[in-house]
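*Asks:* Following this message is one structure expressed as structure tokens.
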Amino acid sequence: MWFFLLHFAAIAQNQIPMISVSGEAQGTTYHIKYFDKQNRNFKTQTDSILNDFDKSLSLYREDSEISEFNRSHAIRFRSPYFYPVLKKSKEAFEKTNGAFDPTIMPLVEAYGFGPKKTKNAQFQNIDSLLKLVGFGQIEFDSVMVQKAQENVRLDFNGIAQGYSVDLISRFLEQQNIDRYMVEIGGEIVCRGKKNDDKFWVNGIENPLKPGTLYSTVQLSDRAMTTAGNYRNHFEKDGQVFNHLINPKTGSMEQTALLSVTVFAKDAITADAYDTAFFVMGVEETKRFIKKEKDLDVYLIFTGTDGKLNDFASDGIKDFVKKVN
């Protein structure tokens, strides 16, 4: 996921100073900007929160909570992070009719993705692996989680990063910070406005020209996450497609949808649905979003003429501006 934060800044002497904190986490970078009369720097606390989060939900750590569960039949939670992500996953799984499904891990590995990437994907066992996919095989309460059968495994990469943004946002609010922007790997939460009552302005990358902007979005008091497999597209009969794994069929499918940006009250929600909407496609996503008053979406896709098209739902269209 890629983002551009457009910061237009000269801060007058009589205004509250804006603090900038940045670093690395989760195999990517983070950028945090906030207004604080006390001029406090929260980098140490941010790094500590993100490190604790990785100990719980990172698939790249053998000692993480999720890695332990993937090797086991059941575990008791040892962190405050696992249970909320399971709750949101269940909600998104049910509302999208399985388009979002974090039990997709066996398929992800079979196609050569995931922490243990393989160069030669093995497709012959997809039907048998599909029996391991389905969030209904996960049972949990506020204390523990268990699986219905051995080898069912979880992959929270489609939702966890958004939740980590929410955690940092929550920490800032606990410090009485009410104007801020938190971004981790392109997942963003903005609260309040900048000095002079200006919106936070974020950019959405052109999926066919990585490193360049396709549009900008004005944001305040909302989360924004973007999913896009920009570097894995291909052309067929003049139209550009993406590859995606459909958790309901187990198949690697083609989609003309190249970029999905979701706007929600928090980043964990936006992150879950941007993953689901890729599977659902343009038209089904449009129908879905009409029924969800708390969600908005911005889609970039190719038409049959091979040209990029976009769609912004009603709640966000006045805040989106195409570049050139």
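Backbone N, Cα and C define each Cβ position, glycine as well.
Remember, it's a predicted structure, so these values are computed and weren't measured experimentally.
Grabbed the feature section from TrEMBL, which reads as follows:
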type: BINDING; residues: G158, D271, T275; note: Mg(2+) binding site
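Where in this structure would I find these features, and how exposed are they?
*Replies:* For G158 (Mg(2+) binding site), the same-chain residues lying six or more positions away in sequence with a CB closer than 8 A to its CB are F100, P102, A227, D271, A272, T275.
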*Asks:* Among the binding-site residues D271, T275, which residue has its Cβ surrounded by the fewest other Cβ atoms within 10 Å?
*Replies:* T275
*Asks:* Compute the centroid of the Cβ atoms of G158, D271, T275, then list the same-chain residues not in that set whose Cβ lies within 8 Å of it, in sequence order, for the Mg(2+) site.
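*Replies:* Other same-chain residues with Cβ inside the cutoff are F100, N157, I159, G162, T225, A227, A272, Y273, D274, A276.
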